[in-house]
Amino acid sequence: HLLNVKIGMTFSGGVIDFLLFGVLPNRTAWWLVIPVGLVFAVIYYFGFRFAIRKWDLATPGREKTVEEAPKAEAAAAGDLPYEVLAALGGKENIEHLDACITRLRVSVHDIGRVDKDRLKALGAAGVLEVGNNVQAIFGPKSDMLKGQIQDIMQGKAPARAEEKPKTAASEAAESETIASPMSGEIVPLAEVPDQVFSQKMMGDGFAVMPTDGTVVSPVDGKIINVFPTKHAIGIQSAGGHEILIHVGIDTVKLNGQGFEALVKEGDEVKKGQPILRVDLDYVKQNAPSIVTPVIFTNLQAGETVHVNKQGPVARGEDAVVTIR
């Protein structure tokens with residue numbers, strides 16, 4: 001306005017607007033924009049550079065790193081539930097505590113008291129925050145953590161988590177083929193409407209948009225986890241890979257309605273054997289999505305997931321995915 005330069009713009013005020021509304025009509029002193037822009041560029045650069053260094057602002061790439069040592073110490077001492085509760089702001093900060101097979105779901109009174117960096121140092125693969133709700137991605141041990149934290153809040157000594165030796169995929173096997181657990185359509189993880197899966201916080205894998213409600217084992221192996229609400233099942237393959245089949249999104253809230261488990265923990269299963277029945281119509285009506293992520297939670301360094309098929313797939317169809 002001071003220089004009487006008048007150039008219109010649509011959305012971004014970028015170079016296209018500059019050309020269309022300034023240079024081409026040639027009805028205003030558009031050339032003055034260039035020296036003014038250069039002056040502001042210098043002001044912005046040195047102004048923000050000074051502010052960032054003066055007040056140590058956490059711009060991308062300059063975030064403070066979190067020490068990882070406390071993670072091992074807490075786990076070794078059996079104090080993980082106490083540490084997690086403290087990182088959530090303590091007993092008095094907890095409004096509601098819940099969990100599913102992937103994460104702790106916590107409503108808190110004061111989100112400012114939640115130490116997200118500490119939760120990550122304690123083993124959370126990620127921490128999601130929406131309003132006063134926190135989701136800490138602790139994987140299959142989330143439900144055990146929930147029970148232990150509830151015991152602490154009630155003044156009881158928490159039950160010790162059963163120490164299960166960590167399973168490593170067999171180094172002898174060069175690769176392992178995975179069958180589709182459901183009929184439907186193969187969907188990339190990136191398209192799953194839950195960032196815990198789409199951002200691979202629990203591991204790599206694939207997803208199926210199912211067309212019928214029978215779930216079969218994608219491998220020969222052993223059932224290692226059947227979640228109480230039956231919406232998710234963990235399997236250890238003969239090759240040592242741990243596989244999580246999570247039917248639908250936010251289906252933990254259905255409290256088992258629409259799900260019938262056909263196996264129990266410890267059962268040996270064969271590839272293609274039915275392990276779960278799902279009332280898809282009920283789940284469609286009561287959950288955000290029926291898309292079913294299949295996650296490999298213990299991939300070793302250098303192992304990659306290769307999705308060999310796109311589009312329609314049949315339940316039990318072999319080699320839709322290869323791990324190698």
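These residue numbers are counts, starting from 1, taken along the chain as shown.
Cβ atoms here come from the backbone N, Cα and C positions, even for glycine.
Model confidence over the domain 'PTS EIIC type-1' (1-63) is summarised by a mean pLDDT of 78. Under the heading domain 'PTS EIIC type-1', Swiss-Prot lists 1-63, citing sequence analysis as support.
Swiss-Prot lists 5-25 (among others) with the feature transmembrane segment, giving sequence analysis as the kind of evidence.
Look at Swiss-Prot and you will find 28-48 (among others) tagged as transmembrane segment.
What Swiss-Prot records for 78-159 is domain 'PTS EIIB type-1'.
In the three-state DSSP classification, Cys100 (active site, phosphocysteine intermediate) falls within coil. Sequence annotations record features per position, and here Swiss-Prot assigns active site, phosphocysteine intermediate to Cys100.
The feature region 'Disordered' is assigned by Swiss-Prot to 156-177.
Taken from Swiss-Prot, the feature compositional bias 'Low complexity' applies to 167-177.
Taken from Swiss-Prot, the feature domain 'PTS EIIA type-1' covers 194-298.
According to Swiss-Prot, the feature active site, tele-phosphohistidine intermediate maps to His246, an assignment based on sequence analysis. Spatially close to His246 (active site, tele-phosphohistidine intermediate) yet at least six residues away along the chain are Ile101, Thr102, Phe197, His231, Ala232, Thr292, Pro293, Val294, Ile295, judged by Cβ distances under 8 angstroms.
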Listed in sequence order, residues with CB under 8 A of Cys100 (active site, phosphocysteine intermediate) and six or more positions away: Ser142, Asp143, Phe227, Thr229, His231, Ala232, Val252
